[in-house]
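Q: Pasting the relevant annotations from TrEMBL:
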| type | residues | note |
| --- | --- | --- |
| BINDING | Glu253 | Mg(2+) binding site |
| DOMAIN | 111-329 | domain 'Aminoacyl-transfer RNA synthetases class-II family profile' |
Amino acid sequence: MEEKVRQIREQAIKVIHESQSLASLDEARIRYLGKKSALLELLKSLGTLPSEERPKIGSLVNEAKEAIEQALRSRKIVLMGIEQKQRIAAEKIDVTLPGKGIRRGSSHPLTQVMAEAKDIFLRLGFEIAEGPEIETEYYNFDGLNILPHHPSRDMWSTFFIKDDVLLRTHTSPVQIRVMEKHKPPLAIIAPGRVYRCDSDATHSPVFHQLEGFLVDNKVTFGDLKGVLTDFLRQMFGQEKPVRFRPSYFPFTEPSAEVDVACVLCNGKGCRLCKETGWLEILGSGMIDPNVFKAVGYDAEKVSGFAFGMGIDRIAMLKYGIDNIRLLYENDLRFLEQF
Ligand code: FA5
């Protein structure tokens with residue numbers, strides 16, 4: 001019996017030392033210490049031995065069990081170390097491989113031009129105001145002296161939502177909204193998206209305007225020209241040909257539009273500028289007394305100028321873009337150039 005216990009113990013320790021993986025070590029544990037192991041069978045058969053032999057064999061079996069458990073623990077530590085090393089070697093990153101590279105994005109040209117235009121006016125002391133893109137007929141037209149049934153309404157091809165509600169056709173409604181709430185002096189810009197039923201190389205059904213207006217008690221047309229000339233020089237540089245041209249808007253009197261030399265022909269005349277050599281970028285003028293009346297100002301005491309510029313047109317002129325649609329197609333080959 002003693003010999004049998006010794007044999008089991010030696011064989012178990014040998015098998016444990018020779019185990020090459022945690023899985024085979026676990027198999028050895030089940031085989032030598034599990035419910036069906038030879039050692040457990042021996043313990044169960046202790047009762048069949050003469051009583052004077054039982055304590056001795058019992059303690060031999062227990063010693064063998066402890067020795068096997070100790071061998072299992074030590075081998076497990078060794079095997080875990082080996083397996084960890086193998087895993088680290090397999091997962092090793094080759095830092096010399098070329099990287100995937102990060103593609104850098106950039107702001108949309110319209111965002112860039114809008115930011116630049118806002119910056120110029122903020123430096124001149126203007127503050128930013130906003131208004132809704134879904135407007136009422138009153139703010140888009142009536143308040144701006146564009147009365148119902150007056151032919152001047154045809155200047156804006158309007159998307160109506162219902163009788164009195166429309167997509168704003170310009171940013172000028174913000175003039176009324178701000179002046180209704182605040183007293184002069186005011187120097188405000190209102191950037192935003194506007195909508196018109198228009199579409200060709202220089203007209204888009206959705207485009208961007210930047211409205212500006214300044215109201216105080218002795219504002220002159222000279223102030224309007226000074227501010228806009230300063231803006232145009234900062235935006236396009238000293239060299240770019242620009243011109244002021246008399247015009248008409250129901251909410252300004254007198255009125256003027258500003259043109260910049262055409263992006264495609266630089267003034268010679270082509271299909272884009274309809275052979276004029278110029279592209280119109282903004283409308284402007286001295287605020288009409290009827291607008292002041294609509295917001296409750298005393299038209300005898302206050303005066304002011306206003307302008308509304310097309311940001312898309314400015315982007316076309318600045319970057320030499322010959323079709324406004326390119327700004328809305330989101331073609332990465334186009335956008336990556338900015
Ligand atoms: C207006 O919208 C006036 N509210 C501007 C104004 C404000 C005048 C304050 C006086 C005082 P107009 O319709 O001309 O004006 O548009 C102004 C500018 O928006 C144009 O000069 C042009 O640059 C741009 N624009 C007009 N329609 C389109 C369009 N469909 N697509 C792209 N840009 C456009």
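Cβ atoms are placed via backbone N, Cα and C, with glycine included.
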Q: Please report the number of other Cβ atoms within 10 Å of the Cβ of the residue listed as 'Mg(2+) binding site'.
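A: Taking every protein chain into account, the count is 15.
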Q: Averaged over the whole of the domain 'Aminoacyl-transfer RNA synthetases class-II family profile' (111-329), what is the pLDDT?
A: 95
